[in-house]
Structures are given as C-alpha cells and as structure tokens.
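Enquirer: Copied straight from TrEMBL:
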TRANSMEM  23-40  transmembrane segment
TRANSMEM  61-82  transmembrane segment
TRANSMEM  102-122  transmembrane segment
TRANSMEM  157-179  transmembrane segment
TRANSMEM  185-203  transmembrane segment
TRANSMEM  215-236  transmembrane segment
TRANSMEM  242-261  transmembrane segment
Amino acid sequence: VGICEYYWLEPANAFEPFQDYDVGLIALAFLQGSFAYGGWNFLNYVTEELVDPYVNLPRAIFISIPLVTFVYVFANIAYVTAMSPQELLASNAVAVTFGEKLLGVMSWIMPISVALSTFGGVNGSLFTSSRLFFAGAREGHLPSLLAMIHVKRCTPIPALLFTCISTLLMLCTSDMYTLINYVGFINYLFYGVTVAGQIVLRVKQPDMHRPIKISLVWPVIYLLFWAFLLIFSLYSEPVVCGIGLAIMLTGVPVYFLGVYWDNKPQCFNTFVGKLNTMFKDVLSLTITSLYYIC
C-alpha cells in the first residue's frame, strides 16, 4: 500500500459496480472466493493421527484460520493497490502480474512462490482427502481395497492412488472456474448437511459425550450463510450446479447396491471379492514396478 496507490481502496471507488448488481452473481462470487479457504476443514479428517486431538485440533484451527485469512486478505489488498479491477480480470496469474509490476528483475520470485504454495496445498489435500476413502472403506461403504495400508509405513496407498486418479479425471475440464463451481457447490452442500447433523444430534442426544463442544449459535449462523450461498448459486448457474448435483447423486445407487442391500446373493459377493483381488494384484504390480524404476 505504501509503494502503490490506494485509489481502489477508497469506499467511493471500491464498490463501484462494473455491471448491474445481481444476488445470484454475488453468491457465486462468494462460492468461488471461498474456494481459496477450503482447507479449513481438512484437519478434521486426520484426528486419528493427531497427538492429543481434543487439545491440538481446536488450537490448530484457532491459529491457522485467522492467520490464513489475514494473509489472504492483505495479499488481495496489495493486488488491488497495484492493479485496477480490469487488470485483475484480464490477468491469468494475478500474483505473477503483481510481481512484474513491482519487483522488476526479481519478478521471478512470484511464480516460484506460487508453485511452492500450490505444492503445499496439494500435499495437504492428498494427506487428508485420502483418509476419507480409507475411512469409508473401513466402514464398509467403499471397496475393502481402499482400506489397505502399507505394512511398514501405515500409509493408505490405495486410497492415495484413488485420490490421484479421481483428481486427474477432474482436470479433463478446460474451464477452471467451472471446475471450482462444481467442487465448491458439492463441498458446501455436504458441509451444510454435516453442520445440520450436528444440530440434530445436539437436540436428539443432548447427553452425548462431546470432548469438543461449541455454542449452537455458530452452526446456525453458518447454515444461514450456507443457504444463501447454495440457493442463489443454483439460481445463477443452474446448469453447472445441476451437473454437480447429478455427479453427486451417481453415488446413491452405488450406496444402495453396496451398503444398504444386506442380503446379497453369494454370486454377487464372489464377484466383488474377485474384483478386489484383481485390483490388489494390479496395485501390487504397479507399486513394485515403480519401486524398481525409481
């Protein structure tokens, strides 16, 4: 701010509209902007691997969320002081453009910093997201292959590889913003259902042991924001959000076929068992090949 200008930070200019106000577009902007903060819930996936999770989990959340919010907000303030909104929209990599305008010969620092940040984000996502498939398989909701772990390192390798493959499939789309809308809409749908479940359990089972307990005011506030976000995003982008819902609903028949259906015929169980065995053999061969190649 000291080096650049603060023209676009002045209230008279900061809220100058470049198009007509639309509630749906505002909700969509919140949906896409909140994607950058999507790691706030990842730590919950690895509570089994935390030391003293009932103490360290809230502590990590209380420290990390304000810190990340501070860094993101002030980074965006820095961008706005160096570039106009038109330049921000035209740039394919805002941080790189920012570096080129301010750092001169040292502008190469920005793409390297962005790459390192990306690798850090991917590392955290892989470390935590694979535990979802591992836990689901352990509960019998996914093929048992995904519940396998490395004998010595206790790493859920099949779940990690499944995460890698599903991530590569998501990259088939060429429009990054469409992908963010897909993932963001589905993520926030499940976040809202999870938070609503917390309220239901608090009402139906008030005496349940809860090592970590918060006031219901916060879940209610979150659900109000969640409802605004999803309803108006669906209104603004019905096709994109509808496709995201359709992708999510493809898991319903799989759930009824694999989990809800208890009295499966023996031939079905035999077929699933052979599939698991085949995938285990393929996985073992792949890991062995990679080991000798490296």
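A Cβ is built for glycine as well, from the same backbone N, Cα and C atoms used for every other residue.
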Enquirer: Near the transmembrane segment (23-40), which same-chain residues lie under 8 Å Cβ to Cβ, leaving out any that are not at least 6 residues past its ends?
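Expert: Cβ under 8 Å, 6 or more out: 61, 64-65, 68-69, 72, 121, 124-125, 177, 180-181, 183-185, 187-188, 228-229, 231-233, 235-237.
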Enquirer: Do we see three or more Cβ pairs under 8 Å linking the transmembrane segment (242-261) and the transmembrane segment (157-179), pairs being at least 6 apart in sequence?
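Expert: Since fewer than 3 Cβ pairs under 8 Å link them, the transmembrane segment (242-261) and the transmembrane segment (157-179) do not come into contact.
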Enquirer: Sort out the residues at least 6 away from either end of the transmembrane segment (215-236), same chain, that have Cβ-Cβ distances under 8 Å to it, and list them.
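Expert: For the transmembrane segment (215-236), the far contacts come to 22-28, 30-31, 34, 181, 185, 188-189, 191-192, 195-196, 198-199, 202, 242.
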